[in-house]
Amino acid sequence: MPSYLRNLVWATLAAGLVSAAPTPSRVSDLTKKSSSTCTFSSAASASASKSSCSTIVLSNIEVPAGKTLDLTDLKDGTKVIFEGTTTFGYKEWSGPLIKISGSDITVEAADGAVINADGSRWWDGEGTNGGKTKPKFFYAHSLDDSTISGLNIKNTPVQAFSIQSDNLIIDGVTIDNSDGDENGGHNTDGFDISESTGVTIRNAVVKNQDDCIAINSGQNIYFTGGTCSGGHGLSIGSVGGRDDNTVKNVTITDSTVTDSANGVRIKTVYDATGSVSDVTFSDITVSGITDYGIVIEQDYENGSPTGTPTSGVPITDLTVKGITGSVESDAVEVYILCGDDACSDWTWSGVDITSGQTSSKCENVPSGASC
């Protein structure tokens, strides 16, 4: 081949290679899409691009008023990391402020990270009973085979965690709503669990103005190493009046409850149906309790006791052991109010609650228990 033809062929091939190469902006786009770790500084971008990332870093997110930090339907195995301070704009609405769902998801916090809901903007002493409409904080619904660990949460407007999941572990989470003690915090439950199987909560610190944990339905639930203060104590219920009204195989153990209305509590709904079975409260220390050290009652209606128990939600195979400590002088140490034949197969041992009063209004106390 003549030399001028060889030069022409090589020039043509080189031009084709240059034209086939991506432009610099295209290379950048490809790099972003192939990256497994995505760092977001806005809620909208995190929600829009969540499916492209195996690790999502939420860096100093400011969630707009009336919007949810929506990380639902994450791809399996995604890790979510809260970094810096996460904040939320103010609006009267029902929320939630955060919702996360998926399978095999890990949710955790970087060192020093805080999720600050600044609930004082909504607090008015009414909670969910009236006044301002307040957003729920965190929906862990369909967050299955997953883990939430190390979150540091401040001042939720009302309830913190709503849990409807299977095989979920929550470890080392702090919910600090103590500012609400003097500023109108109300109904600031720590963990509300319903329609769930296999939930484990370990080493939680909850400072609030309602239940530390409330199990309304579900099975195979384990709460251990909890530190609860300021609220309504460790609760089963209220059970009854919902789509699912069964609580089964629950253990609440190795925890402390201080400066709260109740120590441990089971409450079922008046004239409702359902069941509570295989529940264990063990090795719990109480102090500074203002209402009841232990309270088990089957008379709730519209969120308040009626004084008249019914038998539609039996409480069976209950173990209460190693519940110790003190209540205030005008509080009741133990109160049991059961419907006819509605409480049976109870084991009661090592209960030593002092400094309060003995109730004369207990009814149908089952064999083995004392009131």
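Glycine is treated like the rest: Cβ placed from N, Cα and C.
These numbers come from a predicted model, not from an experiment.
Residues annotated as active site in Swiss-Prot, with sequence analysis given as evidence: H232. For H232 (active site), applying a Cβ distance below 8 Å and a minimum sequence separation of six or more within one chain yields D210, D211, C212, S260, A261, N262, R265.
The disulfide bond feature in Swiss-Prot is assigned to C38-C53 (among others); the stated evidence is similarity to another entry. Within 10 Å of the Cβ of C53 (disulfide bond) there are 21 other Cβ atoms, across all protein chains.
The disulfide bond feature in Swiss-Prot is assigned to C212-C228 (among others); the stated evidence is similarity to another entry. Taking all protein chains in view, 30 other C-beta atoms sit within 10 angstroms of the C-beta of C212 (disulfide bond).
Look at Swiss-Prot and you will find C338-C343 (among others) tagged as disulfide bond, backed by similarity to another entry. Residues near C343 (disulfide bond) in space but far in sequence (CB under 8 A, at least 6 apart, same chain), listed by position: I296, Q298, P314, I315, T316, L318, I336, N364, V365, P366, A369.
Reduced to three states, the DSSP call for C371 (disulfide bond) is coil. Taking a C-beta cut-off of under 8 angstroms and a sequence separation of 6 or more, C371 (disulfide bond) has the following same-chain neighbours: V334, Y335, I336, T358, S359, C362, V365. Marked as disulfide bond by Swiss-Prot on the basis of similarity to another entry: C362-C371 (among others).
Around the Cβ of N249 (N-linked glycosylation site), a 10 Å sphere holds 16 further Cβ atoms from the protein chains shown. If you look up Swiss-Prot, you'll see N249 marked as N-linked glycosylation site.
Counting only same-chain residues 6+ beyond the ends of the repeat 'PbH1 1' (95-117), those with a CB under 8 A from a CB of the stretch are 57, 63, 68-88, 134-157, 162. The repeat 'PbH1 1' annotation in Swiss-Prot covers 95-117.
Confidence across the repeat 'PbH1 4' (218-238), taken as the mean pLDDT and rounded to a whole number, stands at 99. Look at Swiss-Prot and you will find 218-238 tagged as repeat 'PbH1 4'.
Per Swiss-Prot, repeat 'PbH1 5' is recorded for 247-268.
Considering only the recorded positions C228, N249, C338, the residue whose Cα is spatially closest to the Cα of C38 (disulfide bond) is C228.
In this structure, C212 (disulfide bond) is part of a beta strand by DSSP.
Note: the Cα of C338 (disulfide bond) and the Cα of N249 (N-linked glycosylation site) are spaced 20 Å from each other. Cα to Cα, N249 (N-linked glycosylation site) and C53 (disulfide bond) are separated by 37 Å. Candidate disulfide-bonded residues: C38, C228, C338. Fewest other C-beta atoms within 10 angstroms, C38.
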